Amino acid sequence: MSAQRQSEEAITFNQTDGREEEEEEHAADQNSGFNLRSFLWHGGSVYDAWFSCASNQVAQVLLTLPYSFSQLGMLSGIIFQVFYGIMGSWTAYLISILYVEYRSRKEKENVSFKNHVIQWFEVLDGLLGPYWKAIGLAFNCTFLLFGSVIQLIGCASNIYYINDHLDKRTWTYIFGACCATTVFIPSFHNYRIWSFLGLGMTTYTAWYMTIASIVHGQVEGVKHSGPDKLVLYFTGATNILYTFGGHAVTVEIMHAMWKPQKFKYVYLFATLYVFTLTLPSATAVYWAFGDQLLTHSNAFSLLPRNKWRDAGVTLMLIHQFITFGFACTPLYFVWEKVIGMHDTKSICLRAIARLPVVIPIWFLAIIFPFFGPINSAVGALLVSFTVYIIPALAHMLTFKSAAARQNAAEKLPFFLPSWTGMYVVNAFIVVWVLVVGFGFGGWASMTNFIRQVDTFGLFAKCYQCPPKVSASPPPHH
């Protein structure tokens, strides 16, 4: 039996041991025939992972991509989407390889992960030591914290276009309370129905944006002047870097699978589907509205209000609730481990223990309500390291010795059967993202972000809200 096959069997066995009760319940459900609860609640297949990745990858950012196109121009917008989509798929592949390597090594030590969800910083710790664990934990948690903040800001921004009787800050208070209910979802294993519905919602919204823009046609005197300024150009590019950097939860999604070694190409296929949503919608909206998008970071603000748009807003609100859960669940796990509640079986006790995680997210969403610019800032300063630079460096360091390469749990990919080629690709990603993403992108996005603070101020009550025109009294005769 080959080492590859032994590794796969070992990981599959250990993964089952890690969720003993869930697997027993799943088996019991299957033996008793169709069970609705199991069908909706227990998801660990490759298809569940694909739905989770595709649903999580594009949420509120779908509404800001036309804004990025107005900063980049049509051609650069399309090129950066394809480029960063492929790059993101590659680093997600690296993360999956490192996870399998970590599980393989731990299995040889007879380590049990019963009632324990493995996370990215633990993989780094096991493969590279405590310093890498600290780096991974800091970047990953900060990114997921602000990723949750962005979803909450997106909720308030979207609902305002249906009901403007309340300002966006008040809506943030309301949706913060609603999103706090995600504390009751135990793990990614239980997101099956939510992932499926979430992807359907973004699919509807993307094609609504595309069709509505084409039907609307170009606004009078439309201009497409991008790329016009260097600051805006790199801000837009960094928002796209953020778009395809949603794999900060890759390890948690893999751990929820019954056979995690099958994850390798899931993210790539998810990205290919996401392209069918992001490219047509961003292109069509930018074609129709042009430079108006420079001051309208949310595409809903320009599309004509009707029942189709309101349906899109409503669906995106629900989806952002789901994505909030995706971003926040790894933070829940970290907090549970810190306070010693991670192995608690009671869902209610774990939910109560998780609540303190939501409070800083709520607070930050009220301080920085800058829908659009905050995406680019998070992309440059956090996503660049969390899901691009650190996985590429970690892969190179994990397999730097000849012995590590020879005993690797996973073979090299069929399309790049060379360790030299792997190192060249990884080194290119590190240098590119460090210079273009973090360097130029960080400068541009922070310049733009500070401009928003200077213009609207912290704790802005209603960011980019049009001024309300009061009805004038009828003339007296």
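For all residues, glycine too, the Cβ spot is worked out from N, Cα and C.
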Query: Of 47-69, 231-253, which range does TrEMBL call transmembrane segment?
result: 231-253
Field: Of 171-189, 347-371, 377-399, whichever stretch has the most CB pairs under 8 A to the transmembrane segment (311-335)
entry: 171-189
Query: In the same chain, who gets a Cβ under 8 Å from the transmembrane segment (231-253) while lying at least 6 residues past its ends?
result: 49, 52-53, 56-58, 61, 64-65, 67-72, 76-77, 80-81, 84-85, 87-89, 91-92, 95-96, 99, 117-120, 123, 140, 143-144, 147, 187-188, 263, 267, 271, 274, 278, 294, 326-327, 329-330, 333, 372-373, 375-380, 383-384, 386-388, 433, 436-437, 440-445, 447-448
- line: Within the same chain, the residues 6 or more beyond the ends of the transmembrane segment (377-399) and with Cβ under 8 Å of it are 87-88, 91-92, 94-95, 97-98, 101, 124, 127-128, 132, 135-136, 139-140, 142-143, 146-147, 150, 238-239, 241-243, 245-248, 405, 408, 419, 422-423, 426-427, 429-430, 433-434, 437-438, 441-442, 444-446, 448-449
- request: Return the stretch with the most CB pairs under 8 A relative to the transmembrane segment (171-189), choosing among 78-100, 137-159, 196-219, 347-371, 420-443.
  value: 347-371
Task: Select the range from 78-100, 137-159, 196-219 that forms the most Cβ-Cβ pairs under 8 Å with the transmembrane segment (420-443).
output: 78-100
